[in-house]
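Report on one structure; see the data block that follows.
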Amino acid sequence: MGVNYLAISAVCTVLSFVGLRCWTELSLDKLRSQGLIGENFLNPENGNRALELLLGSYATVALLVNFLFNVFVLLNLCLKTIFFAKLYPSETRKLVERLINYVVYKGTFLPLVIPPTIFQAGLWSIWLTVLCSLKMFQALARDRLERLNTSPAAMPWTYFRVYSVLLLVLSIDLFWIRLCLEVYRTMSSSMYLLLFFEPLSIAFETMQAMLVHGFQLLEIWFHHSAGNSENCQRLKLFDTMMAGSLGEWKGILIRNLGFTLDMATLLMALGHYVHIWWLHGMAFHLVDAILFLNLRVNIFLYSPFGTCCEFCQF
């Protein structure tokens, strides 16, 4: 019997909420007994004073962060259950590998340029956590869609349910870019340009996946509609006409727009490391050598130049 991570996460979330509530009530009683706050929390001045004193405690902050993290994990598990149901062993293995690699490659060098303050640590931890979640859902959707492509019994609704994950990832990612823009406008520091490279990279990569698998979704829908006995005579001619047109547009768009999105993804990945390198200073120490190696890894990882050469041969 497999482990029900959703139930475990729900229990942990409830326990973290109960712990936060109990600690808050004990802290408020202690503050009242010391005469630091009044009894009426409807008074804005008294409420703000109580909130300031509560957040001044490291224990309160730790319990609050623990509760928010448990809520975030529970939300991710709920979305995983809704869109993917149960993961295959190969998908789980790839997910863990990608998560570790993403945190290592994207989070290792941030302490080189981020000031060692609680605010900065919290801000960039939230940034990395959200992007890890978006990246993992995007990767899961691509893996599941590729698996469905090889299944002749794939239904349009099943394919669209997984495809909608890409739509959700892109929507949240665009909203996250807007929040990053507000932070950048408020802080007005070149360091906060780092907020944009990875969300933009995820956006371009997601749009590329939507382009490729969107055509596949249309093909599955056409074939399924043509196979319906009630609509077979009416849609047979339409399906035949659309197949050639769809195949032609599919080749053109994937070859041109897909390559453009691939290049944009590569540029954002390189921009992330180059900007860290620029903020850190090019002193050519061991860290700079590792950054340079990461640049080379990204170039060979995406390798759109080789793809371009293949396209040019046609």
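Note that Cβ sites are derived from N, Cα and C of the backbone, with glycine treated the same way.
So that you can see what the record holds, here are the features copied from TrEMBL:
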- 56-290: domain 'E3 ubiquitin-protein ligase synoviolin-like TPR repeats' (DOMAIN)
- 58-79: transmembrane segment (TRANSMEM)
- 162-179: transmembrane segment (TRANSMEM)
- 191-212: transmembrane segment (TRANSMEM)
- 276-295: transmembrane segment (TRANSMEM)
Intrachain residues whose Cβ lies under 8 Å of the transmembrane segment (162-179), provided they are six or more past its termini: 79, 83-84, 130-131, 134, 137-138, 140-141, 144-145, 148, 196, 199-200, 202-203, 206-207, 209-210, 213-214, 217
Long-range neighbours of the transmembrane segment (191-212), counting only residues six or more past its ends (CB under 8 A): 106, 110, 113-114, 127, 131, 134-135, 138, 141-142, 145, 163, 166-167, 169-170, 173-174, 176-177, 180-181, 183-184, 253-254, 257-258, 261-262, 264-265, 268-269, 271-272, 275-276, 279
